[in-house]
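According to TrEMBL, the features are:
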TRANSMEM  59-77  transmembrane segment
BINDING   131, 135, 222  Cu cation binding site
DISULFID  131-135  disulfide bond
């Protein structure tokens with residue numbers, strides 16, 4: 001009885017075991033089918049456009065256009081304001097009519113008048129050859145300013161005019177030797193006392209002997225400003241000797257190019 005029951009139990013277990021085996025064998029088939037189906041589906045789907053990259057590129061382009069337009073607008077406004085400021089400065093100086101006709105002698109001994117610089121922009125400076133420090137420093141500063149300008153512009157339109165306030169000692173020969181140390185487009189002007197007094201008065205320049213040791217050994221106090229004289233022979237603006245070289249050159253170049261553009 002026990003054996004019969006055991007066999008019967010085993011027979012009952014057989015179909016259950018067979019079903020279990022069948023189920024186990026069915027799992028890989030199901031998994032394989034699922035994997036195949038998923039893989040096949042991916043190959044059949046069309047390629048999606050790179051939306052993120054397209055949007056990023058679009059944003060970069062838009063930002064580039066905005067930045068460019070903003071920079072252009074900023075430079076336009078800055079240039080307009082700068083031009084208005086220059087016009088304001090010119091108006092405040094030009095109505096005074098500083099400058100005008102003069103009759104002097106240049107460093108070569110030739111007669112020199114305002115007609116010799118007609119159509120040019122000249123940096124006028126009043127000083128004297130025996131000046132120990134301020135005059136050479138200022139002429140060196142003018143040289144640096146002119147060196148920061150385009151060479152072609154300087155050759156055609158810009159000159160440095162060094163006017164002596166000490167005609168008793170500053171002869172044409174001495175002036176010629178002295179200005180050779182500075183920019184090659186520098187012109188030295190001297191004359192007799194009346195000629196020098198006239199040009200000083202026209203430019204409202206000041207000079208006075210402050211310390212005299214002997215008749216030929218003295219120091220002269222004088223104006224230290226730099227005058228920018230325009231093609232009309234009158235002062236358009238002025239500079240102090242300590243003005244930043246690059247800024248002064250930039251302003252002068254702007255004035256000249258603007259004049260040439262609108263004349």
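Glycine residues also receive a Cβ, built from the backbone N, Cα and C atoms like all the rest.
TrEMBL labels come from automatic prediction, so no person has curated them.
One way to see the shell of the Cu cation site is to take the Cβ centroid of 131, 135, 222; the remaining same-chain residues with a Cβ within 8 Å of it are 126, 127, 128, 134, 138, 165, 220, 224. Taking the Cβ of residue 131 (Cu cation binding site) as reference, residues of its chain lying under 8 Å away and at least six apart in sequence are, in sequence order, 219, 220. Cβ-based neighbour count (10 Å, all protein chains) for residue 135 (Cu cation binding site) stands at 23.
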